[in-house]
Amino acid sequence: MAAVPSRRSQQQPVSGAAGQQQPPPSSSPPPASPPPPLSAESPPRSPEMPPASQRQGPDSQPEGEAAPPPGLQPRPLSPPPGEAAAMLSPSSSVPPAPAPSSSSSSSSSSLSSGGSPPESPDSGAVGGAVGPGGPLSAVSGAFRELFEACRNGDVSRVRRLLEPGNVNAKDMAGRKSTPLHFAAGFGRKDVVEHLLQTGANVHARDDGGLIPLHNACSFGHAEVVTLLLCQGADPNARDNWNYTPLHEAAIKGKIDVCIGEYKKDELLEAARSGNEEKLMALLTPLNVNCHASDGRKSTPLHLAAGYNRVRIVQLLLQHGADVHAKDKGGLVPLHNACSYGHFEVTELLLKHGACVNAMDLWQFTPLHEAASKNRVEVCSLLLSHGADPTLVNCHGKSAVDMAPTPELKERLTYEFKGHSLLQAAREADLAKVKKTLALEIINFKQPQSHETALHCAVASLHPKRKQITELLLRKGASVNEKNKDFMTPLHVAAERAHNDVVEVLHKHGAKMNALDTLGQTALHRAALGGHLQTCRLLLSFGSDASIISLQGFTAAQMGNEAVQQILSESTPARTSDVDYRLLEASKAGDLDTVKLCSPQNVNCRDLEGRHSTPLHFAAGYNRVSVVEYLLHHGADVHAKDKGGLVPLHNACSYGHYEVAELLVRHGASVNVADLWKFTPLHEAAAKGKYEICKLLLKNKLNTLFLLHGKEPGYNNLEVAEYLLEHGADVNAQDKGGLIPLHNAASYGHVDIAALLIKYNTCVNATDKWAFTPLHEAAQKGRTQLCALLLAHGADPTMKNQESQTPLDLATADDIRALLIDAMPPEALPSCFKPQATVVSASIISPASTPSCLSAASSIDNLTGPLTDLAAGGSSNAGDGAAGSERKEGEVVGLDMNINQFLKSLGLEHLRDIFETEQ
């Protein structure tokens with residue numbers, strides 16, 4: 001596969017070629033020679049500080065303390081005279097502040113009882129949330145004792161004194177602080193936990209407007225901050241001086257609280273490894289966007305996106321993670337997800353507003369990343385969200401230029417033209433449509449919604465939509481093409497009452513009674529919207545007002561009174577009384593009444609419902625005797641209702657074995673499918689009716705689809721085993737050349753796969769695109785299946801039509817490790833090939849050996865066994881000596897244990913990380 005040009009030079013290959021194992025972009029080392037810093041990357045200019053004279057309050061507060069806004073009294077900066085000693089008990093870990101001089105006592109008469117103790121004996125200015133003072137001597141009774149217990153962290157006393165009536169009691173003699181203010185300010189985590197469990201109010205404010213979070217931030221109690229935030233404390237709450245908790249932390253220099261540094265490394269590791277429980281225990285609004293201290297300065301979202309941790313990405317986004325955050329190289333999380341082909345993560349980031357054309361420092365877009373690594377599905381997703389493949393990077397290369405295969409280059413060009421046509425049709429821009437219109441893309445479908453340009457044109461609100469529609473139809477657009485909801489352009493136009501295009505579509509042969517996934521026609525859609533003129537127009541073109549949807553409604557029943565009046569004239573006559581009695585008798589099992597039927601009405605229809613016959617009702621309600629009688633008197637076992645269901649569907653869906661057996665005996669087709677391609681076996685399997693499944697399987701059921709197990713919910717081991725026992729072909733191919741093992745591997749059905757292997761399926765079978773079951777399992781992240789296949793002879797070196805091995809397609813680290821272990825060293829891509837390290841027996845110099853360590857053997861890439869690492873690269877060791885020709889006194893790393901190996905390289909401090917990676 002062609003190497004991807006480096007972002008630093010055209011000659012130097014990038015290490016992230018398609019399918020190669022490497023850490024996500026955000027976790028790899030920074031480039032050796034980054035380009036000149038861009039102005040956009042320069043640190044933001046700090047806001048100018050006012051002169052010191054302006055920043056000092058009227059009481060000459062220390063330099064650095066911001067003065068209160070005009071019109072407000074200065075915030076209390078120290079305890080009042082004579083009360084500092086009362087603030088702290090002998091058991092307190094913080095010594096009392098010295099009593100202030102008389103000159104300052106008059107200006108410090110107020111007290112912040114919500115804060116924490118002064119940080120040092122000499123701290124005269126506590127700033128903002130000050131020590132939990134307040135004249136406790138003036139607080140009477142149990143309240144005073146409770147406040148002291150909270151301040152001192154005495155959990156047992158707090159438990160004894162706390163009652164529902166005093167959990168939010170206020171220190172009326174001080175700043176009206178609550179017990180939670182005291183506990184938070186002193187960093188008493190256990191007390192804070194107990195108070196929160198007992199119903200303490202995290203939003204309670206003291207006299208200065210401070211909430212407990214202000215106090216915890218002011219004195220850097222990070223664990224308490226986390227607790228309060230997890231209980232819903234507002235990190236943006238402002239006090240009477242307009243200060244937020246972040247102001248408090250910043251003023252006091254509490255860096256870990258300020259910038260989310262609290263247990264940052266643990267949080268980043270949880271995001272990388274996918275440890276949801278640990279992540280939630282550490283995550284706060286303050287650290288959700290923290291950056292790593294080293295490497296590429298990645299955020300948790302960068303790591304989770306790069307390592308395909310879908311659930312972690314969801315949690316981070318829910319908690320405010322920034323999709324636009326950039327690492328050291330200017331990469332956003334979307335770059336990481338696209339580089340490694342993580343489709344679900346890419347979709348999540350785009351849904352949360354990620355910029356699809358974001359550029360890093362080398363002008364690489366996410367599409368450059370996906371295209372260069374041959375991530376075909378991700379490329380399609382990006383293009384459907386507006387990615388521009390014509391944008392060039394710093395080397396003048398577009399995403400199309402960087403695509404490694406001609407097929408991908410062609411696909412990128414085709415889909416870009418197709419999406420451009422769709423957008424032009426939406427905007428009803430005639431000039432753009434003419435410019436982008438080409439025969440090969442006239443019926444291009446949006447990959448997710450399956451909309452064509454014609455769907456987009458008829459839905460447009462622009463007055464030129466009729467001209468666009470006529471142009472597209474003249475150029476060969478399919479008038480009855482369906483989107484993912486089976487809606488034709490006529491459905492879309494009728495729903496929006498675009499009568500001008502309804503006429504054009506009718507003129508070009510649109511089917512008036514085409515059904516969507518809900519069994520509704522265009523007339524249903526128009527009636528639901530109350531569009532009278534559209535309903536009249538559709539009726540004049542031949543729409544059938546009697547068609548009943550899957551919910552059991554006609555178009556008239558879905559409309560308002562005016563619509564009902566118009567459509568009632570077109571509705572056929574109601575079911576006759578004789579037919580009605582027969583239908584009701586079949587449903588109730590009234591055989592005597594059923595016997596009054598004649599050959600003329602034995603197959604009558606419920607015209608006001610789903611157009612069911614008496615046999616449909618009798619089969620669904622398990623009326624065995626009625627079913628027998630109807631079958632002997634000419635009832636049609638193949639009759640279909642509005643949804644395409646035959647009586648056998650009804651019997652199988654409700655598990656009526658005798659009825660199903662009767663119907664099959666009288667010639668009912670076991671392979672018949674309804675409008676949604678569901679067979680009676682689907683109905684029985686979905687409801688767990690195993691005996692009926694066996695009955696159907698005995699009657700020449702087409703079992704290929706079942707053994708392949710592609711349908712949702714199919715993973716029935718008993719049915720598969722029954723099929724195999726009765727001679728089903730374990731290697732039967734569908735039209736794409738897939739055998740059942742392909743589908744079991746793709747959908748993660750481990751038990752089914754093991755059963756197929758037991759019956760000697762071909763583990764290395766290839767489909768029309770040369771994909772093996774191992775390709776499918778690796779691409780879909782099925783770790784257990786990969787291990788199962790490899791254990792039974794799957795070949796990890798086989799390549800598909802695009803020359804990709806399963807390793808190239810692997811989406812998870814553990815799968816990559818499995819595949820690397822299973823592949824011979826010579827078959828590994830260059831970045832995975834093991835390198836031997838030759839160490840002198842006489843001298844081991846940790847200081848000199850690290851320079852010999854290749855990029856491929858860095859800790860990020862050491863995912864294979866150490867023995868492979870040493871053995872596979874021995875031929876390249878030293879001066880080329882091999883076998884018995886090695887120099888005397890030299891040994892290969894194969895004979896060393898992991899500790900000796902790392903020590904010889906001067907990397908013994910990485911032992912824990914190495915073991916984690918292993």
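Cβ from N, Cα, C; glycine included.
Heads up, TrEMBL stuff is auto-annotated, nobody curated it.
Over in TrEMBL, the protein carries these features:
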- 9-21: compositional bias 'Low complexity' (COMPBIAS)
- 22-50: compositional bias 'Pro residues' (COMPBIAS)
- 67-82: compositional bias 'Pro residues' (COMPBIAS)
- 100-124: compositional bias 'Low complexity' (COMPBIAS)
- 1-132: region 'Disordered' (REGION)
- 208-240: repeat 'ANK' (REPEAT)
- 296-328: repeat 'ANK' (REPEAT)
- 329-361: repeat 'ANK' (REPEAT)
- 362-394: repeat 'ANK' (REPEAT)
- 449-484: repeat 'ANK' (REPEAT)
- 485-517: repeat 'ANK' (REPEAT)
- 518-550: repeat 'ANK' (REPEAT)
- 610-642: repeat 'ANK' (REPEAT)
- 643-675: repeat 'ANK' (REPEAT)
- 715-735: repeat 'ANK' (REPEAT)
- 736-768: repeat 'ANK' (REPEAT)
- 769-801: repeat 'ANK' (REPEAT)
PLDDT averaged over every residue in the repeat 'ANK' (329-361): 94
Listed stretch, out of 296-328, 362-394, 449-484, 610-642, that has the most CB pairs under 8 angstroms to the repeat 'ANK' (518-550): 610-642
Contacting positions for the repeat 'ANK' (610-642) when only residues 6+ beyond its ends and CB under 8 Å are counted: 519, 547-550, 552, 582-583, 585-591, 594-595, 597, 599, 602-604, 648, 650-651, 653-654, 656, 658-659, 662-663, 666-669, 672, 674
DSSP-derived helix, strand and coil totals, residue by residue, for the repeat 'ANK' (518-550): 16 helix, 0 strand, 17 coil
